[in-house]
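First comes the structure, then the notes that go with it.
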Amino acid sequence: MQVANANSNETGTTDDFVTVFVGETLFGLAIERVHDVFVPSGVTPVPLAPAEIVGLLNLRGRVVTAMSLRRRLGLPDAEDEADGSKANPKMAIGLEQAGETFALVVDGVGEVLKLGADSREAVPINLDPRFRNLATCVHRLDGRLLVILDVDALLGFTPAGAKAA
Amino acid sequence: MDDLLREFLTESGEHLDTVDAELVRFEQDPNNETILRNIFRLVHTIKGTCGFLGLPRLEALAHAAETLMGRFRDGLPATSASVTLILLTLDRLKEILADLEATGTEPAGSDDDLISALERMAEGTVEAEPAAAPEPVLPEPVARELKPGEVSLDELEAAFLAAPGPDEADQAAPPVAAAPVAPAAAPVVSEVARVEAAEPARAEKADGIEGEAAATGEASAASKNQTIRVSVETLEHLMTMVSELVLTRNQLLEIARRHEDSSYKVPLQRLSHVTAELQDGVMKTRMQPIGNAWQKLPRVVRDLSAELGKQIDLVMVGAETELDRQVLEVIKDPLTHMVRNSADHGLESTAERIAAGKPARGTIRLAAYHEGGTITIEIADDGKGLNLAAIRQKAVQRGLASQADVDRMTDAQVAKFIFDAGFSTAAAVTSVSGRGVGMDVVKTNIETIGGLIDIATTAGRGTTFTIKIPLTLAIVAALIVRAGEHRFALPQVAVLELVRVDAGAQRVERINGAPVLRLRERLLPIVSLTGLLGQSEAGAETEQAGFVVVAQVGRERFGILVDEVFHTEEIVVKPMSVKLRHIPMFAGNTILGDGAVVLIVDPNGVARQVAQGVQGSGGHVEADDDAANEVADSKTTLLVFKGGQGSFKAVPLSLVTRLEEIECAKVEWLGGRALIQYRGRLMPLVPADPAIAIKSEGTQALVVFSDGERAMGLVVDEIVDIVEERLDIEIAADRSDLIGSAVLRGRATDIINIAHFLPLAYDDWARGLKRPERLSTILLVDDSDFFRDMLSPVLKAAGYQVVTASSADTALAALHADPQIEVVVTDLEMPGRSGFDLVAAMRRAEPRIAGLPVIGLTGAIGADAVERARSLAIADLVAKFDRAGLIAALTEIGAGTVSKAA
């Protein structure tokens, strides 16, 4: 953070976000929470697991629980590619919570953005509640919007509640 | 809190625990100088350290206790009262230590009560009034857990014993009771390598206490290098790293297997070897003797024996048996609980024992030993044994099992009821136990670490609990299997054997959809892993070939059907993510040699699932098994039994409520009718054939039919089989007890007419179950396979021909195609075109179809449904599950149509 501020010429404090996208929507995750960006492979599905959980995968010798951002947001799984090949999870973000590592499976990962308070907006109230509960704020970017996700809320679903989904 | 204080707390805790145990020993063996010396030394150390650290309360208490013990040494007899008083003092010390640990400072308070009692006792005045001593305060024993990962106490003790005793000091020091009779007790503290810890010893010397400090100092120097204290976290971290190393090694081995290049095979083998040894070594650091978990028990038993007025000996065998500290932590409390239980429930009172001709002192025997990768712990008492009759009764009372089930269960199975939550047969709840909490917790605790618990009990001879637990939780041998598309690991401990099954000789058979396997003349319930995990789609096909992993959990044996078995691998168990921990099927996950993550199947979870499947009877199995029903669509499942002169008879299984085997002695006769008490009611028994006589001894097979609250037992000679066949009934001669006969499995079999028997049991049960004068054809419309399958045999059994349709459209087609159809029975709630739509369409159709009587089946009969039904001229509305109601409605209509046709 110190370094980020020093490099920034803006007057207000800025935060760094890793951007990811799901479909057409751009999401941001606080960079402090992001431990890894990797291509998920060899995901072992967990039968009887909550729908959000894609499965388990081996990330450098650690077992990581992979969770689909699409399913977490209540979006349908990515459609199969136009050429007929099956849609594979393309990228995953390694997040940590309470000593446990999770992999957030997304459609793609973009650049890291440094954003100040000037472009920040509150979450619009007309958003789908699933989005609203997971988002902390929205940033206005050139030509598109960036929804900042709350990592703790993202990982904070309870097994019982998820089971019903 | 500074290091010095923390060190002191850990050590004092250990010392106090040892003193606890030693005092109990001393009380039984008051002439044993060694024990007394040991106790004395420990208390003295605590006192000395307290003085050094500036903890006046602790010091004063320890001092008073020490004084009294000094008097013992001088020949004061150690009475039970005085020992109790010292034990109370120890409890107070522990209490203060706990506070000290929590807050970092000695809590305020006064110990004058104990100190003056101790002093009085030491002066010898209290002997006259021993009862007064234990009165003042009875503090709850403070459960101060031993810090795990520490040097074994046995070692400590051995070191104490090895060190020169204080006898020499004795001779030098004048035995003045008031002065601290203080031998040099340095070795206790300096045992540990930490330099700070040695300081109290120096402090003692500074106190001006004379003794052979130099001599003991040497002894302690020798022991100094033998053990060091390492924090648990360091060990845990080391363990994790070794686990990772094992994984990496496995991966390398896997790669080496695939490549023929042998140049690195040798170093790899070396690496493998070293890794294995390292793993062993690290595991050893985590090992602690089980005696650590037993340490508190002598005190517990002593207190209990005083409280309960029983004389109890505690025998401990194999305290040196080592096991993983993680496991140790988990079993500590269950063990204590079980010993308490044995003392309270297991052992009889002294008077009862003498009356029973047993030695007055009861014995509780704790034994631990290694047995092939697991540790077996036995807790045995020589008491009265479990009251199995009371347990049976209680189990029925609590609705855990039916009377018949309980009667049939073996004693071992019955005994297991005590592990049910809230189960207690104790007539009186004592302060010790009897509340019915505990044994279930014990079982749960033991099962969480992959352990098993078993009971053996003999009336009048005692009860033995056997606990088998794995040596360690971190690494287990597991069988890698494939089910569906994925691999799973099954812990080897639960696996008894593997059986290959195919469509040939060893094949999986089904009883009412539930798969079973004949294994050495015994039936083994089978569950398919894919089915359990909700992945089964192909259903029956996958069961044609594969492997059955025969597993045992507790006394339950069952088979897990998998598609393929690979090999056994040592796997490092990694815990499930918190998000997935609620799934009972998995115990954890692991990374295999090839880097893939696989899930570890929890045999306990599977066992519970198997048991549920069995208890939940047909409904559950069928609900899960739509695919099988689809196949069996046109077939009917029949129960075949022998009834009368060896002839085979059958009845649709869907009509049968239960199969029972009763003891003939329980049959009662009232007014010439046989009755039996069944589930708290009287159930009439009716022979399935006039030739069958109810046996007078042995057991009698019954087929129970029930309707609402009434039940009837059909007496049969023997239950033969359950078959699934297309039911082509040839109408029988004029016997009202038979519907007709059919060929089942190549045998001519009479299909009995239940309607004949029910009125024999209950005069008013005739309701509509009369056979219609001639057979009508019914069109049964229901979108649910399950209901179609359930109702068709009911209707067939009632003497109708049945045509089925799964939707309104197919029903209309069937109506047009088949002019024989005389009655339509339709589900009113169907997806797409509902039953109402169907009836409306019928009413608009040609007169033959429009005029057909319709019975509507509905889940809930609401006012508007009744209204709509009336407007469509639906003859009757029947609730979906009301089989008897449906038959009654049909009979009514049948009478009408027959008369119309005539």
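Positions of Cβ are set from backbone N, Cα and C atoms, glycine also.
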* According to TrEMBL, which listed range is region 'Disordered': B:127-150, B:199-222, B:319-342, B:535-558? -> B:199-222
* Structure fact -> All chains considered, the count of other Cβ atoms within 10 Å of the Cβ of B:His44 (phosphohistidine) is 26
* For the domain 'CheW-like' (B:475-612), what's the model's average pLDDT? -> 80
* Structure fact -> In the three-state DSSP scheme, B:Asp827 (4-aspartylphosphate) belongs to strand
* Structure fact -> A correct count of other C-beta atoms within 10 Å of the C-beta of B:Asp827 (4-aspartylphosphate) gives 24
* To do: For the domain 'CheW-like' (B:635-763), give the DSSP counts of helix residues, strand residues and coil residues.
  => 15 helix, 73 strand, 41 coil
* To do: Sorry to bug you, but what's the C-alpha spacing from B:Asp827 (4-aspartylphosphate) to B:His44 (phosphohistidine), rounded to the closest Å?
  => 86
